[in-house]
Amino acid sequence: MERAEAYGFSGAMSGAFLLSCLLFAAVSRRQRGPYMDEVFHVPQAQAYCHGRFLQWDPMITTLPGLYLLSVGVVKPAAWLLGWTGSVVCSVGMLRFINLLFSAGNFYLLYLLLFKIHQKNKAVSGFQRIMSALTLAMFPTLYFFTFLYYTDPGSVFFTLFSYLMCLYDNHKTSALLGFCGFMFRQTNIVWTVFCAGNVVAEKLNEAWKIELQKKKDEKISSRKGSFSDLTRILQFLVEYLLSPKNLVTLTALTWPYIVLVSLFFVFVFVNGGIVVGDRSSHEACLHFPQLFYFLSFTGFFSFSHLLTPTKIRKFLLSLRKHPMQYSLITVISLFLIWKFTYVHKYLLADNRHYTFYVWRKVFQRHELVKYLLVPLYIFAGWSFADTLKSKSMFWILMYFVCLLAVTVPQKLLEFRYFILPFLIYRLNIPFLSLYRQLLELAFYILVNAVTFYLFLNRTFQWENSDEVQRFMW
């Protein structure tokens, strides 16, 4: 990092942290007590603070990573600074843990952008800083910086694990992946993603050698026609069936294999992936979740995905491959028809934005969910088009992980999209400075509206005296 870039990054990070502290103070003043899922998380952390490690709230569905880390941070700080009484594990003190995670996420995002795009000499230090700042302000993640939720910590350890993987420090990566798993069980998918990065790199090297042997210039390691995809899949199967290749890959990825094996042991012993209350977290094949994720990504990455050039390219692709798009349309309609699920929380909890998205869009008419298929297809095509700089093996690996982390979820919850979105966004090419500024301005606007609604547009339910607030 050059000196000017280092100064710029320090200034951006300091400014973002100062803004976050001001927002943190505003949120803490307006909402002093636990809110939403905090009513489970805060008492559990406070029980750990008082040494009651065998106490467990059966309504909590995640492992105790957040509470253990909170005690590990708050207790030494209280001892050093002489804090006593209720302030030690107060709601505000516990929430402050996520403010620290937010600063860590900013730094990790910058380091990941630097590592992933280091070969692109056209990218300036200012662009890297801008992109890191933009992603650190990503609205769905940034909002939960100010509440005692698992998301900031979950993102921190997953991004840290990914960074160590890119630097070939796989033992550390797997250890950090375990920490991420302790925050949220579905993060095991991103451990598989890290292992997949190693496998995809080896596959890409072998594929290039295969091309050189055959001297076939028409085949490329990047995406192409469906015939190219078929030939790549055939090569993939042949490569993975070779005992020599399997031994090599196992030697490279054994830390991840150990962690995934421990995960399966946990699932077997626990009787499922969810701890505590399982009644509202049943796994299912909810394929439209992929369409919701693509729509979510299109909304928050419109400056990348929705451009006149991309629209023209998409229309040209439609004209060239009408049968392929017709087949995709039929499959999409079938998946929506047979695999759409509506969780009871989505229909009942009017504090979440998803409640209004579902009511205002999908519940307007039974046909709406089918009429949105063309938009899903464009979003999917544009999504894939922005990843064209990655190898086909990387794209296949990411897509498998994306399906694994979204499709089994019955509840439409934007928080589930945070990590797959960030991984995607980190790996696409940089925009022009103008579009980067547009993206940052959009995120700031969304955050401003979100915090205004949360802090000022309160309401009450008929059967409750508690103040209710709008949130992600």
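Placed from the backbone N, Cα and C atoms, the Cβ positions cover glycine too.
Sequence annotations record features per position, and here TrEMBL assigns transmembrane segment to 6-27 (among others).
What TrEMBL records for 60-81 (among others) is transmembrane segment. Within the chain carrying the transmembrane segment (60-81), a Cβ under 8 angstroms from the stretch's Cβ atoms is held by residues 40-41, 44-45, 48-49, 88-89, 93-94, 97, 100, 148, 150, 153, 179-185, 274-278, 281, all 6 or more beyond its ends.
As annotated by TrEMBL, transmembrane segment applies to 93-114 (among others).
Within its own chain, the transmembrane segment (126-149) has Cβ neighbours under 8 Å at 5, 8-9, 12, 16, 20, 23-24, 27-28, 34-38, 41-42, 45, 66, 91, 94-95, 97-99, 101-102, 105-106, 109-110, 113-114, 117, 155, 300, 414-415, 417-418, 421-422, 425-426, 430, 433, 436-437, 439-440, 443-444, 446-447, 450-451, 454, 471-472, counting only residues six or more beyond its boundaries. As annotated by TrEMBL, transmembrane segment applies to 126-149 (among others).
Nonlocal intrachain contacts for the transmembrane segment (254-275), taken as residues 6+ away from its ends with a CB within less than 8 angstroms of a stretch CB, comprise 60-63, 170-171, 173-175, 177-178, 181, 185-186, 188, 191-192, 194-195, 281, 283. Among the features that TrEMBL reports, transmembrane segment is placed at 254-275 (among others).
For 287-305 (among others), the entry in TrEMBL reads transmembrane segment. Long-range contacts of the transmembrane segment (287-305) within the same chain: residues 138-140, 332, 335-336, 339-340, 369, 372, 375-376, 379-380, 382-383, 386, 402-403, 406-407, 409, 412, 414, 416-417, 420-421, 424-425, 428, 431, 435-436, 438-439, 442-443, each at least 6 residues beyond the stretch ends and with a Cβ under 8 Å from a Cβ of the stretch.
Here the transmembrane segment (325-346) has Cβ contacts under 8 Å with residues 280, 284-288, 291, 317-318, 352, 354-355, 358, 369-370, 373-374, 376-377, 410-412 of the same chain, all six or more residues outside its ends. Here TrEMBL flags 325-346 (among others) as transmembrane segment.
With a threshold of 8 Å between CB atoms, the same-chain residues lying at least 6 positions outside the transmembrane segment (367-384) that come near it are 223, 288, 291, 294-295, 297-298, 305-306, 310-311, 314, 317, 325, 328-329, 332-333, 336-337, 340, 361, 395, 424. Among the features that TrEMBL reports, transmembrane segment is placed at 367-384 (among others).
Positions annotated as transmembrane segment by TrEMBL: 390-407 (among others).
The transmembrane segment annotation in TrEMBL covers 440-459 (among others).
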